[in-house]
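In Swiss-Prot this protein carries:
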BINDING   Gly135, Pro136, Ala137, Gly138, Thr139, Gly140, Lys141, Thr142  ATP binding site
Amino acid sequence: MSQTTATLPLPSPESAIALAGSGEDNLTYLAHHTGAKLILRGQELMVVGTEKAVARVMAVLQSLAPYWQSAKAISRPDLMTAFHALDTGKQEEHQALQKTVLAKTRRGEIVRAKTFRQRQYIKAIQKHDVTFCIGPAGTGKTFLAAVLAVQALLNNECDRLILTRPAVEAGEKLGFLPGDLQQKVDPFLRPLYDALYEFIEPEKIPDLMERGKIEVAPLAYMRGRTLTNAFVIVDEAQNTTPAQLKMVLTRLGFGSKMIVTGDITQTDLPNYQKSGLQVAQTILKDVEGVAFCYLNQADVVRHPLVQRIVEAYERSENTSPPAPKPSS
C-alpha cells in the first residue's frame, strides 16, 4: 500500500512538548490508533502512513490546535474526544468545545469542558434550577459545578456559595468526634475545599466563610433552612438516604441553583438502605426545572501517568488467577 507524508510546523519548542505529551505518549497514542508513524524533529512533526491514516492524524491535530498552539498540554481524554468527533462527524462541535472558556484558575490555566457530555452538563446547570449529575469519579462532576459556582459568586450572580455532602463515614454523628465543628467536618469536605482552592486564594477563603459568602458543611446542617440567592452543590449524593436528599432539595429558595452530584455505583450506605440519588432518578425525572446529566468513563480526566497505572492494574487483574479459597 502506498505511503504518503505530511508535515506540521509547530510555533515553538513548548508547542512541540505540549503536542507530543510526556515521553511522547500522545504520538504513541496517535500512531496506535491510526497506524501512522509520527516523527518529531525540533519544531516539525512528520506523519508517515497511508493516505487515510495520515489524514486522520492531521485532522485530529488540527482540531486540537488551540491547545498546542498556546503550548497547553494535550491529555488522553482530549485525544479520545477528538477521535470521537472525527468518527461521528462532530468536528465543528468539537472545535466549538475548544473555544468555550469557562474560567481561569489562579495559575492562569484555562478551564473548559473536555467532552461533549461535560458541555451538556454545563448547559444544564446554566438553564435549570436543579441539576443532577451522575457518573464515576474523575469525570469532573464536582469540579465543573464548583467552577460555575465560584464564577457566579465572583460575578455577584449569587449571594453565597454552599457546599455540602453527607458525612456518611461518621454516620453524621459528628457529636461523637473530637474538636469544634470545623475540625469535625473538614476531613469529609476536603474535596470541596480542593475545588475552591483552584480559583480563590486560600488565605481569602476564611474571610469569605466568616462573612457567610462561602459555607462548607455536612448535609445534616441544611435541615430547617431556606437557601435563597445561593449556589448550592450537594456532593457524594449517592450516600444520602431518600429522606436526606428530599430534605436538602426542599431547602431551595428563590434565586438559587442546586447541583447534586454522585456515583450510584459507589455507595457507602448499608446494603439494606436505598440511595437517595437512585430514588430521585425515578421520582424527579419528569419534573420541570430539574435536569439529569450522565457522565461515563469516556469523560474521566486523569493525569497520563495515573491513566497508565490504572491500565496496568486492570491488565494484572484480568490476567491474574483467582485467589485460592481458604480451607475450611
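Glycine is treated like the rest: Cβ placed from N, Cα and C.
Excluding the listed site residues Gly135, Pro136, Ala137, Gly138, Thr139, Gly140, Lys141, Thr142, the same chain places Phe143, Thr261, Asp263, Leu295, Asp299, Val300 with Cβ atoms within 8 Å of the centre of the ATP site Cβ atoms. Under the three-state DSSP scheme, Thr139 (ATP binding site) falls in the coil class. Less than 8 angstroms from the CB of Ala137 (ATP binding site) sit Asp263, Gln266, Val300, each of them six or more residues away in the same chain. The candidate set comprises the binding-site residues Thr139, Thr142. Of these, Thr139 has the most other Cβ atoms within 10 Å. Counting every protein chain shown, 28 other Cβ atoms lie within 10 Å of the Cβ of Lys141 (ATP binding site). The local packing around Gly135 (ATP binding site), expressed as other Cβ atoms within 10 Å of its Cβ over all shown chains, amounts to 23. Neighbour density around each Cβ, counted as other Cβ atoms within 10 Å, peaks among the binding-site residues Pro136, Gly138, Gly140 at Gly140.
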